[in-house]
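First the structure, in the form of structure tokens, and then the observations on it.
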Amino acid sequence: MTDATFTAPTQSRALKIALRWGLYLMLTVFALWYLLPFFVMLTTSLKSLEEIRTGSLIALPREVTFDAWRTAWSGACTGIQCEGLQPYFWNSVMLAVPAVMISTVLGAMNGYVVAQWNFRGANIIFALMLFGCFIPFQVVLLPMARTLGILNIAGTIPGLIFVHVIYGIGFTTLFFRNYYVTIPAELTKAAKIDGAGFFRIFWSIFLPLSLPIIVVTVIWQFTQIWNDFLFGVSFSQAGTQPITVALNNIVNSTTGVKAYNVDMAAAIIAALPTLLVYVVAGKYFIRGLTAGSVKG
Amino acid sequence: MQWLERHVPKLVLAPSFIAALLFVYGFIAWTAWVSFTRSRLLPNYDLVGTIQYERLFASPRWEVALNNLFVFGVLFIGISMLLGLLLAIFLDQKIRTEGVLRTIYLYPMALSLIVTGTAWKWMLNPGLGLEAMVRGWGFEDFRFDWITDPDMAIYTVVIAGVWQASGFVMALFLAGLRSVDGEIIKAAQVDGIPTHRIYTAIIIPSMAPIFLSAFIVLSHLAIKSFDLVIALTGGGPGYATDLPATYMYAMAFSRGDIGQAASSAMVMMMIVFAIVVPYLYSELRAKHD
């Protein structure tokens, strides 16, 4: 028994309410801290440069202007070119969509094999593939740059798709394998006895069950690939850069006056697709994060 | 046809396996080999011993990068874990707005580190950012110019990194808290054990595996951190915020020193392995028991 149980009930009640208020206060303060950068990005992007120079960082814009957004989308300079983020946004789309699709399909097939058609050595193969998720990619940058050159896809979007697929398979295989392992092996056995083959079983039994894990995998891969910078900056050239590289170039371009409002608008544009995914499908996003981290 | 039928699973797995052998293991072998040569602008395959590693560890810039990794790693992991745990415990008190708060705490994880770096770079800008804001409130002597101060700039990377990752640690811990057996907690409450003791004596010790995986993920993030430094400080002022990842990149793509790039990449890999391999080993062993 502690002292707390002997204090007068009214006093402990007041204490409880005070604690509760303190708790909510703390939670709100932290929420503001997480929101602050986004709030600042948004308000800065809607201000004129003049207002940025004279006003306070967190002040709301006195006069809302979308000029910075227009410039960020179609006029800001990334080095010598001044076409804004627009072409790079589409580069990222054209890069992410096929890379996500290919790596997801491969992951589904691999996961299906490892979980349900386990042959001798399959687990070792799986472990070896999984290991690829852990390496710091710096260790493959140099040979990959040469390989892309030899394959004649250096500095191209197909080259980047290739790289993202190769280093994405480990994770996608892991996701599908962990999901398919929970489906009873008897199901496959029964279907085999009925004369169904490898692909037939996948197509009519496993695929219809796979929607949740497909969503998790697609979201995970899309976020990874859209937000990637290392591969993008290493294996692209002027014109084929993904949006993260273009954003960094806009922010760090040294020519002319620093247009902070354009930088912020550009940053939001680059963040918008993944943020949208997060808002719409947050549950699946979190599931991918925890699955990808706890096991991989 | 029979043969094909029997070997379909192997044939399906084969391309991915070959890709892993070639592009993971083959490439590591290539980098390892080159790290023992005199390669500069072009790779050269004559082994000459550990000369690149000697150059690496004699380089003051690499020393700064390793030091920074240590400072950044310890603070980033420590603060993210502490903050994540604190937020998870707070949110676990039957908070009515939990769903909204969780969404707010976790959204940075959906952003590219380049976006995070860009946002914080702007806020930390001494002339127009937080410093100017506080001065505008009347505190004329307020100073917060870490980002331009070579001794302090690495701490700005910590701030932005914690902002990005702590919500994620919160989500991990919250899932862990929720998986603790409710009966035990109820029994402890009936016995009159105060809440803070329930946390320190029962709940937190039972979450040891989650601490471990949070630690693994965060240290992995810390070692790989490249985007954040590039976007926030560009490695500067000078090379004050260089990390091994940015050092490697500078050697590979702007200095044209392949030997140094390869040897620094190998050291990065050893650091990752030193952390990850014991973890994987214990995970696999636990499954066999």
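Note that Cβ sites are derived from N, Cα and C of the backbone, with glycine treated the same way.
Listed in TrEMBL:
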- B:66-279: domain 'ABC transmembrane type-1' (DOMAIN)
- B:12-33: transmembrane segment (TRANSMEM)
- B:69-91: transmembrane segment (TRANSMEM)
- B:103-123: transmembrane segment (TRANSMEM)
- B:152-177: transmembrane segment (TRANSMEM)
- B:198-223: transmembrane segment (TRANSMEM)
- B:258-281: transmembrane segment (TRANSMEM)
Output the single range from B:69-91, B:103-123, B:258-281 maximising the number of Cβ pairs under 8 Å to the transmembrane segment (B:198-223).
-> B:69-91
Answer with yes or no whether the transmembrane segment (B:103-123) touches the transmembrane segment (B:258-281) by the criterion of at least three Cβ pairs under 8 A, sequence separation 6 or more.
-> no
Beyond the flanks of the transmembrane segment (B:152-177) by 6 or more, those residues with Cβ under 8 Å of it = 68, 71-72, 75-76, 79-81, 83-85, 87-89, 91-92, 102, 105-109, 111, 113, 116-117, 120, 124, 145-146, 203, 207, 210, 213-214, 217-218, 221-222, 225, 228-229, 232-233, 236-237, 240-241
